[in-house]
Amino acid sequence: MPKWILNTKFKFDAAHLIEGYEGKCGRMHGHSYKVHVEAKSNTLHPSKYLDTDDMVCDFRELKWASKGSEKGGLDHAVLNDELPVNPTAERIAEFIYKETNRRIPDDVSLKITVWETESCWVEYTEDDV
Ligand SMILES: [Zn+2]
């Protein structure tokens with residue numbers, strides 16, 4: 001079966017604190033988050049900007065989180081205000097996954113990787129493979 005694997009990466013700067021954390025992460029601070037999005041599909045689709053079936057999905061839909069928070073993204077946001085859960089790296093990856101998934105065709109499977117620092121990152125997917 002054919003398979004396309006779309007990849008994109010972006011950065012955003014944001015503030016957060018981990019609620020209930022005993023230690024310095026419990027105080028407000030910032031990170032330059034790096035995000036990698038992998039989108040896999042066996043079929044191609046049209047998009048909001050293209051009528052023909054020639055895309056896994058639009059790169060633009062995968063990069064929504066890189067926009068400023070006033071435009072619905074996460075750049076220069078306070079993540080505690082944007083996420084409905086405690087904004088650990090794990091929860092940020094899950095949030096980006098769910099919000100991205102809503103914007104793309106149903107049969108595209110996603111994997112989101114979020115780097116909180118150069119040496120600490122987390123992957124999130126709901127794919128069994
Ligand atoms: Zn932090």
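Yeah, the Cβs are placed from backbone N, Cα and C, and that goes for glycine too.
The Zn(2+) binding site feature in TrEMBL is assigned to His16, His29, His31. Packing around His31 (Zn(2+) binding site) is summarised by its Cβ count: 18 other Cβ atoms lie within 10 angstroms of its Cβ, all protein chains included.
Summarising the annotation, TrEMBL assigns active site, proton acceptor to Cys25. A C-beta separation below 8 Å, combined with a sequence spacing of at least six in one chain, links Cys25 (active site, proton acceptor) to Leu17, Ile18.
The Cβ of His76 (active site, charge relay system) has Phe12, Asp13, Ala14, Gly68, Ser69 as same-chain neighbours under 8 Å, each 6 or more residues away in sequence. Annotation source TrEMBL lists active site, charge relay system at His76 (among others).
Residues or ranges marked as active site, charge relay system in TrEMBL: Glu116 (among others). Neighbour density for Glu116 (active site, charge relay system): within 10 A of its CB lie 19 other CB atoms from the protein chains shown.
Minimal Cβ crowding within 10 Å, among the binding-site residues His16, His29, is found at His29.
In the three-state DSSP assignment, the secondary structure recorded for Cys25 (active site, proton acceptor) is helix.
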